[in-house]
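One structure is given here, and the rest of the page talks about it.
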């Protein structure tokens with residue numbers, strides 16, 4: 001199949017450029033990689049200004065805290081000599097959280113542990129995001145230049161589009177697992193090389209190893225890649241059965257070896273994810289709320305040159321991080337024109353294009369929407385929603401596979417233009433510029449976040465909470481505010497906290513965001529949302545004692561918040577006057593009775 005992508009029909013002569021000297025080629029590669037590296041760090045510039053003190057504005061769930069916590073948790077386990085990286089009892093006390101079911105990015109946690117332990121998880125997060133973008137560009141460049149034999153300029157542009165294109169930059173607003181995609185091109189190369197004679201065992205082991213590492217970065221990417229390859233092979237087999245038939249035995253042998261290795265290593269982690277403690281049956285977001293709007297395909301993404309000039313219609317997406325289909329009209333037109341132009345020339349690319357159409361239709365969800373309007377026309381996703389694993393992916397994310405396909409078509413088209421006679425090039429170059437310049441990525445928006453209280457960073461909490469005990473941070477870690485988890489990281493996981501940023505099971509075993517809140521937590525979260533202080537009764541006080549016993553709470557600590565005055569008023573009426581310690585207010589709790597311990 002790889003050879004189909006690089007074949008050149010003799011019926012169409014082209015002006016083949018002379019091979020450049022080796023030294024000049026190496027210099028060119030270095031310049032391209034340096035540009036990718038600078039771009040990766042520049043796009044995360046808002047975070048690099050102050051990694052511990054800034055966060056993404058356009059991520060409604062503040063997933064940055066989740067990934068920082070995961071990186072810190074893995075490093076903490078390594079520093080302490082071991083533990084279970086798949087589960088934590090320090091989050092969502094007393095039930096804990098299934099980390100394997102929550103994008104634990106264990107591979108990054110292990111790799112960046114020295115950075116995390118010395119400079120902190122926020123620095124590791126910023127580094128992982130920056131290097132992830134760079135690595136993704138570099139890996140796609142390697143695939144396109146070395147294995148698909150594209151011209152250097154074409155490969156450079158195609159790889160840049162893969163790494164810095166609309167959907168990737170949208171997820172750079174806090175989704176580490178969808179920006180660090182550097183293993184995807186390497187997995188594709190490993191799959192293609194299984195067709196080579198004598199590579200079944202060695203190639204299978206390489207492929208299996210890559211899949212294992214990718215599973216510990218982001219499982220959803222493995223699912224999407226596997227599904228894409230399955231659909232692609234089916235379509236390619238229909239179109240080119242005679243070319244596919246002799247390759248089947250080689251691929252089967254290699255895939256069996258890869259599968260056996262992956263199963264041997266991943267059997268327990270995957271079992272734990274789906275059947276272990278705090279596992280859940282499906283994600284908490286209904287598929288009907290996360291489709292790709294048909295009109296979004298021609299809209300410009302928010303974090304792009306054109307997107308900042310012409311802000312996208314808010315009706316086209318749920319939030320900025322899920323702008324998976326915002327390609328802009330010029331790129332859509334160029335891609336269609338190039339696909340038609342290349343249709344007969346590249347048979348495998350033809351199958352890739354048909355596969356992309358299937359995924360584009362799948363991303364439309366259970367009902368077709370156009371410009372935010374419900375049409376009543378059922379979408380193809382409904383046919384697949386009941387299948388295994390489909391319930392763990394929202395429809396719009398099936399469109400994530402489209403960006404690499406678009407990039408490949410653009411790269412192959414540009415490669416062909418580069419090898420044309422010079423008089424024919426300027427018009428094509430202008431067309432590429434009109435399609436790509438508006439999509440030049442801009443750094444995602446960031447803002448300052450509340451600093452971790454001195455009471456936590458200076459170790460004052462140890463006067464009120466025993467090692468491994470439960471501290472109730474207020475604001476409590478809930479739907480969108482996870483400062484309590486940042487406190488926990490700053491305290492080197494010395495205490496547990498209730499709830500938190502993760503997906504766990506509800507009463508029926510289906511997924512819900514965070515843990516199941518107690519009545520007292522519900523009231524605190526309501527105050528955090530509205531600033532309204534409820535009337536405190538003896539019933540509320542008795543319920544608070546029940547909840548504190550359930551949490552085994554040793555202290556309630558009030559930190560900074562928009563409605564701190566309201567939270568302070570409520571807690572004072574509920575628990576009595578607190579003790580001002582440094583920059584927080586503390587209420588000491590007896591974990592056995594749930595009663596407040598009067599300050600000495």
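Quick reminder: no glycine exception, Cβ is built from N, Cα and C everywhere.
Per TrEMBL, the feature compositional bias 'Basic and acidic residues' maps to 1-17. Marked as region 'Disordered' by TrEMBL: 1-22. Residues or ranges marked as transmembrane segment in TrEMBL: 31-49, 69-87, 99-117, 123-143, 150-170, 176-195, 200-217, 223-239, 251-271, 325-344, 351-370, 390-414.
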Highest-contact recorded stretch vs the transmembrane segment (123-143), from 176-195, 223-239, 390-414, CB pairs under 8 Å: 176-195
Stretch-level contact, the transmembrane segment (99-117) and the transmembrane segment (223-239), CB cutoff 8 A, at least 3 pairs: no
Close approaches to the transmembrane segment (223-239) from elsewhere in its chain (Cβ under 8 angstroms; 6 or more beyond its ends): 1, 184, 187-188, 191, 347-348, 350-352, 354-355, 358-359, 389, 392-393, 397-398, 400-401
Contact call for the transmembrane segment (351-370) and the transmembrane segment (200-217): at least 3 Cβ pairs under 8 Å, seq gap 6+: no
